[in-house]
Amino acid sequence: MSFEQMEKLKTKLPEWLETSRLRTGQGDVAAYIPELAKASRDTLGIHIADSQGQTVSAGDCGVPFTMQSISKVFTLILALMDHGEEAVFYNVGKEPTGDDFNSMIKLELVEPGIPFNPLINAGAITVSSLIAGDSPEEKSARILHFFRKLASNERLDYNMDVYHSELETGDLNRSLAYFLKQNGVLKDPVEDVLSVYFRHCSIEVDCSDLSRMALVLAFDGVDPHSGEMLIPRRYIQIAKTFMVTCGMYNASGEFAIDVGLPAKSGVSGGIMALVPGQYGIGVVGPSLNNKGNSIAGVHLLERLSKEFDWSLF
Ligand code: DON
């Protein structure tokens, strides 16, 4: 982090965060997974990490939350590392949908009936089924091990209340999975695949964990703190591209224009963003806008991007 940027962030970030926090009342927490409805609407936190170990944070950055769809970026990477590009993209496409993240409409309407991309639910469920391992338990253990390594945090674990809450209420995901099985995309039993999918969505992090995971993406797969290569560069390129084109649901175009950074959001209100070659960023703000993204989190990232001219475009 440059000295000037660091100084400005340290003095201004708390004030910018409080300005963004005023937006939380205009959105609402996700309620379709009952356990997520318990989150506080006013929560807003951010943590920014750089390659030298410097960090800046503000607000409720220590509040734990589940990764939800943010996990899909890393399960995609793990599936690519397990099987390579050709095998993964035989089963899942590379295009945005313009539909809701849990929609099944294109699975029926567009041949050959594979999910449009790995970040919508149908795509991520398919990716979960591709993770190497002889059982759902082994697949899940490999995912958790990978995530712990990326976050440099051996204590990362599942939030089992959120896992069970989604397992009990996730019938739309169940429908998607049966459809995928009918289309020949899923080979394993539906409940086995869903248990892997729901588990990785329920991995609990805080903003600091997310910023560390994003930092590995920002440095082309190398953990800049240890110097260890964790992900091949090509797969980072693929993941970052999906983050730009589909990472913020149907507001990805708007986010690219207003913020201009690769990012992925989740229904728990988390946003993972990165400034390539510079920073990893973790945000939490459970109050969501009508596109399903953290209303105050997006506002804060837009402010930061404009202040520091972070847009890639
Ligand atoms: O499957 C679900 O609906 C949640 N576990 C994750 C949804 C989410 O964060 C948005 N998905 N793209």
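Glycine too: its Cβ is placed from the backbone N, Cα and C atoms.
A TrEMBL annotation is a machine prediction, not a hand-curated record.
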*Check TrEMBL for me: it has N121, E166, N173, Y197, Y249, V267 binding substrate, so pick out which one of S57, S69, S305, S311 it puts in that same site.*
S69
*Are there any residues in the same chain, six or more apart in sequence, whose C-beta is under 8 angstroms from the C-beta of N173 (substrate binding site), and if so which?*
N102, N121, I125, E166, L194, Y197, F198
*Which one of these binding-site residues, Y197, Y249, has the sparsest Cβ neighbourhood, judged by other Cβ atoms within 10 angstroms?*
Y249
*Only counting partners 6 or more residues apart, tell me which same-chain residues put their Cβ under 8 Å from the Cβ of V267 (substrate binding site).*
A30, Y32, I33, L36, Q68, S69, L288, G292
_C-beta crowding around E166 (substrate binding site), within 10 angstroms_ = 23
*Would you identify the secondary structure of V267 (substrate binding site) according to DSSP, in three states?*
coil
*Taking the residues the record says bind substrate (S69, N121, E166, N173, Y197, Y249, V267), how far apart in Å are the two Cα atoms that sit farthest from each other?*
20
*Local Cβ density at N121 (substrate binding site) - other Cβ atoms counted within 10 Å*: 22
